[in-house]
Structure formats: C-alpha cells, structure tokens
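Annotated in Swiss-Prot:
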SIGNAL    1-21  signal peptide
DISULFID  C24-C45  disulfide bond
REGION    24-38  region 'Loop I'
SITE      H27  site 'Moderately important residue for binding to acetylcholine receptor'
SITE      Q28  site 'Very important residue for binding to acetylcholine receptor'
SITE      S29  site 'Key residue for binding to acetylcholine receptor'
SITE      S30  site 'Moderately important residue for binding to acetylcholine receptor'
DISULFID  C38-C62  disulfide bond
REGION    39-44  region 'Stretch between loop I and loop II'
REGION    45-62  region 'Loop II'
SITE      K48  site 'Key residue for binding to acetylcholine receptor'
SITE      W50  site 'Very important residue for binding to acetylcholine receptor'
SITE      D52  site 'Very important residue for binding to acetylcholine receptor'
SITE      F53  site 'Moderately important residue for binding to acetylcholine receptor'
SITE      R54  site 'Key residue for binding to acetylcholine receptor'
SITE      G55  site 'Moderately important residue for binding to acetylcholine receptor'
SITE      I57  site 'Very important residue for binding to acetylcholine receptor'
SITE      E59  site 'Very important residue for binding to acetylcholine receptor'
DISULFID  C64-C75  disulfide bond
REGION    64-75  region 'Loop III'
DISULFID  C76-C81  disulfide bond
Amino acid sequence: MKTLLLTLVVVTIVCLDLGYTRICFNHQSSQPQTTKTCSPGESSCYHKQWSDFRGTIIERGCGCPTVKPGINLSCCESEVCNN
C-alpha cells in the first residue's frame, strides 16, 4: 500500500507543471537592464526594434507579439535571450 501511494505521489509530481515561468529582459532602448518573470503560459521573449523621430527604439518583453510592417521583431525561447 505504501508503495502504491509513493508511486502515485511521484507520478503526480512528474505530470504536473510545477509553475515554471520564463524570465525575459524588459528594459527599453538604452535604459538599465531589468528582467521580468513572465506570466504562466508565456514561453518566449521578444526584442522589437524600429526607428522614428527619436532615433532607434528597442522594446523587450515576454511573449511574441504581432507587429506592423517596418518593425523588426525577433522572438526566442530561452532564459533572458532577448538582449
């Protein structure tokens, strides 16, 4: 009986998602580096870059958003990969 209970506990731990979350950079342009713990279910980070009257703008964060034409977007799926 103890063996069965132990087996069930191990199977439960292995099968459950134990709350792993991605960590991405989220600083903008030339600001000091900061990171953010992404929401559950967000498994990627993004690096978005475009130019306007202010110069080159860089935005970083969690997820992989859709962008308008003229905006360079790169998405990645490892820890703090969007620098």
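Each residue's number is its place along the chain shown, starting with 1.
Cβ atoms here come from the backbone N, Cα and C positions, even for glycine.
Feature map: Swiss-Prot annotations on the structure.
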residue: C24; record: disulfide bond; contacts (Cβ under 8 Å, 6+ apart): T35, K36, C38, C45, Y46, R60, G61, C62, V80, C81, N82
residue: Q28; record: site 'Very important residue for binding to acetylcholine receptor'; contacts (Cβ under 8 Å, 6+ apart): I57, I58, E59, R60
residue: K48; record: site 'Key residue for binding to acetylcholine receptor'; contacts (Cβ under 8 Å, 6+ apart): I58, E59, R60, P65, V67, I71, N72, L73
residue: F53; record: site 'Moderately important residue for binding to acetylcholine receptor'; contacts (Cβ under 8 Å, 6+ apart): none
residue: R54; record: site 'Key residue for binding to acetylcholine receptor'; contacts (Cβ under 8 Å, 6+ apart): none
residue: G55; record: site 'Moderately important residue for binding to acetylcholine receptor'; contacts (Cβ under 8 Å, 6+ apart): none
residue: C76; record: disulfide bond; contacts (Cβ under 8 Å, 6+ apart): S44, C45, Y46, H47, N82
Average pLDDT across the region 'Loop II' (45-62)? 96
Going by C-alpha distance, which of the recorded sites H27, S29, S30 is nearest to C64 (disulfide bond)? H27
Residues of the same chain, at least six outside the region 'Loop III' (64-75), with any C-beta under 8 angstroms of its C-beta? 44-50, 82
Distance check, please: Cα of S29 (site 'Key residue for binding to acetylcholine receptor') against Cα of W50 (site 'Very important residue for binding to acetylcholine receptor'), rounded to an integer number of angstrom. 10
Of C45, I57, C62, C64, which of the recorded positions has the most Cβ neighbours inside 10 Å? C45
Give me the CA-CA distance between H27 (site 'Moderately important residue for binding to acetylcholine receptor') and W50 (site 'Very important residue for binding to acetylcholine receptor'), in Å, as a whole number. 15
What residue among the recorded sites D52, E59 has the most other CB atoms lying within 10 A of its CB? E59
Winner by Cβ contact number (other Cβ atoms within 10 Å) across the recorded sites S29, S30: S29
Between the recorded sites S30, W50, D52, which lies closest to C75 (disulfide bond), Cα to Cα? W50
Checked against DSSP, the composition of the region 'Loop I' (24-38) is 0 helix, 5 strand, 10 coil
Could you tally the C-beta atoms, other than its own, that fall within 10 angstroms of the C-beta of C38 (disulfide bond)? 18
Work out how many Å separate D52 (site 'Very important residue for binding to acetylcholine receptor') and S30 (site 'Moderately important residue for binding to acetylcholine receptor') at their Cα atoms, rounded off. 15
I want to check the contact list for W50 (site 'Very important residue for binding to acetylcholine receptor'): same chain, sequence separation of six or more, C-beta distance under 8 angstroms. What comes out? T56, I57, G70, I71, N72
